[in-house]
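Colleague: Below you will find the structure I want to go over with you.
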């Protein structure tokens, strides 16, 4: 029996690398997702909701080495299926199936699945949310791209992250041209690119060692790469590149540089130019990017964990250890929820749909927000006392009670009728599921629920068509400490008025604090 | 090559029994889910979002014969996992894990997975939405139960289904007592109960044949059962039972009848009594119910399909055929999205949490809404010209264009600036991703997008700090056919005013139509 019980206890947990979203966490998550959706909708984004699994062949060969992280379903007869790894490939599959669609602004908010080594502190889960918008269809150079970057700015501004994020920006064509100019052999370009991408996490010397010793690059070539990839800035850096004869003689680099100029013009029009950092070390992991790439980093705002280290630092340490343990040598910078400080990432990918439908010719550009990480950072800021205007309370507005003396029946039907009146006024209402609950039990329940108001029924008041409305937690001596009598006919309007007035006061107070 | 191409074409589909939610469908689905969430929140429901998969042991042994429909994940090392089959068992697992929680009003909106034979017309999918609210924790008889039924009424009223649904109501204790009174042997009670549950889909004679011939029930017993289970009503039926000496002498039946009386008193207080039908034939499939059970049916409102048959009828035919093909003899009435005309179902289950944590003592009562089916019926009503006040348009509000003569550069930066001004005013905005698009292309794009307004830039107007605001589709001769000039400084406010005014007119018009 004891053994049986132990066994039962052991079963009651959720799968490794997953979490149950409940309480204030799920409410904050929903508030964040609502803000992001609102921005997507303003930009005429249309929602797409695909199945959690895809036919195995759809995912196969899309994620390079990370394909080993895909969850497969058991073969129970019928199709072979896998859980989605991201939201981009299902979108490309959907575009390929709907060949009448030439243009589409699609957004998606869903969980994705990676059979990775979980690292909670690093925010690396096996099931996590992604929140993507992608513009499919023809665009003159950088027009759609600039709008995606404007969306990034609007999202973080609407989340009240002003001054706390930077959009790192680069272009695959500039990067590839740069490697050619420096003399990287064609076949080494992707692997050298992936080494460069680690410059945000390790010093140049380590990256150089990887290039020269692990990847066999000529040391002189590595040194030449350094003169480029350690540079970042804005229009100033762009002007330097325009004067770089070697770069401008390379067709790819030249096109990339000229279009980066166009992009900066458009970003200026969007009012987004001051949020970007043109960063020649940004490379991004995924193979399928063909033009502009970007990654959003947040510095100094990573949540602080118990021992005083920032999660970012801790994650870095832990990440390296785990990578070693897993024998991984590939960076996973394609995952916006993984990179230290990276909270969103994306770029242009012009040929993915063709993988499903030859000659489809549907160029795409998009962004994926790592919502779990945005959530963690926001939660840490709230814990430090910051307030956010979009974070709503989901506590009940009012708790319905009944008090009475000897022979009192608890008024269960009357409590239901009053509850219904308050619900119909749009209020959030609770009462105690006891036929005849004690006053102190009802007050305790109201307090636990966080209701700011109580409506109290009594037989005498009921006979006069009245109930008592009481604001919870008023100090002794307050003129309304014992509540005020309100006609039942006016109850919905009166309680609504009081609830709104109180929430206005709370808002003003929190604004003067922040 | 041709073969290769064929192979690629073959791959681009979504898995059997699943669908991609896009366009107006996903918007309508979201509107429905938002209405339901709002009702749940008013009743102090708290959201819970659990992982899509559970450890295999959590689901094992919870669904009887239907366990064969569970999707398992492949064993890739580590835990054995299965996709969730419903939202109830994950909730019970979560309650068992969080032993500090004694009371909880949890709601959940998520997809669930059943490896069933798909039947699109019947609305039987392998991946479909459920939308549940469950109240966990002690309640005096029928208090929490009555609130769950009040929620059902509020949900369908808020979805504007007034007069189109009936809540069938029964109690497991009345049903079990009734079988005992009629002389059904103890060990046959569950199987006879499941036969009775089919009375909404087949005539009594067929059900009787199943009882007597397949399940070996004495014919006289079956005839006695008939005298009960063909009865439905309200308080009248309850009064008849109260006078039934045999029933009142059975302890279970007596308790069920007395509490049904209490429930009806409370439902009257909720204003919900006229929505219910006390129906002695309602049995429901799941084993774990212990008290009140209910199922929401909608008659005459099932969507009509091409050949003029109602989906309900068609589904019935098809369902029987498939069940035969699958060799199934168990009814799947526990699935609210399957039963013909059933759009929600639930009941009280007092001992499920104990399956995970012995002596947990957390009684529960809840309801699950079959959202896919609610969606289909609502969509069919919209197709017939009905309107719903909560259904929102997600078309852009305004399309930004630029026109000009020779040497005109297309004003891409200026279009972006104007777009940004309109976005900042909270409007939904689009423009064409061409540097220098032709006027007719821009108008066509605006029309395709469904934008009711255009903002048109021109070099002359720009020089004066003005743009042209034009309502789309005005008749020839209308004074504003060519649009009106608006100062850029006033543009956000002016377009917002016009968009709101137009949507008010549209609302009023649709109200006078309906």
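Backbone N, Cα and C atoms are what each Cβ position is placed from, and that goes for glycine too.
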Colleague: Suppose a student reads TrEMBL and sees B:86, B:87, B:88, B:130, B:134, B:284, B:288, B:289 listed for L-histidine. Which of B:55, B:114, B:164 should they find annotated at that same site?
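Modeller: Matched candidate out of B:55, B:114, B:164, per TrEMBL for L-histidine with B:86, B:87, B:88, B:130, B:134, B:284, B:288, B:289: B:114.
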Colleague: Select from B:1-22, B:23-44 the stretch of residues annotated by TrEMBL as region 'Disordered'.
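Modeller: Residues B:1-22 are the ones TrEMBL records as region 'Disordered'.
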Colleague: Quick one: sort out which of B:201-228, B:229-256, B:313-340, B:341-368 is the region 'Disordered' according to TrEMBL.
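Modeller: It is B:313-340 that TrEMBL annotates as region 'Disordered'.
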Colleague: Suppose you look only at the domain 'Anticodon-binding' (B:398-496); what would the mean pLDDT be?
Modeller: 96
Colleague: When DSSP states are grouped into helix, strand and coil, how many residues of the domain 'Anticodon-binding' (B:398-496) land in each?
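Modeller: Here the numbers are 38 helix, 23 strand, 38 coil.
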